[in-house]
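This report concerns only the one structure given below.
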Amino acid sequence: GIGAILKVLSTGLPALISWIKRKRQE
């Protein structure tokens, strides 16, 4: 359901953003 999708986004998005920020700093 949508709740599972939101849960995945809420946990995965911060990690993805921090990873992108690290990659862009290099």
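First residue shown is number 1, and so on along the chain.
Every residue, even glycine, has its Cβ placed from backbone N, Cα and C.
Per Swiss-Prot, these features apply:
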type: MOD_RES; residues: G1; note: N-formylglycine
type: MOD_RES; residues: E26; note: glutamic acid 1-amide
Distance, G1 (N-formylglycine) to E26 (glutamic acid 1-amide) (CA atoms, angstrom):
38
Neighbourhood of the residue listed as 'N-formylglycine' by C-beta distance under 8 A, where only residues 6 or more apart in the same chain count:
none
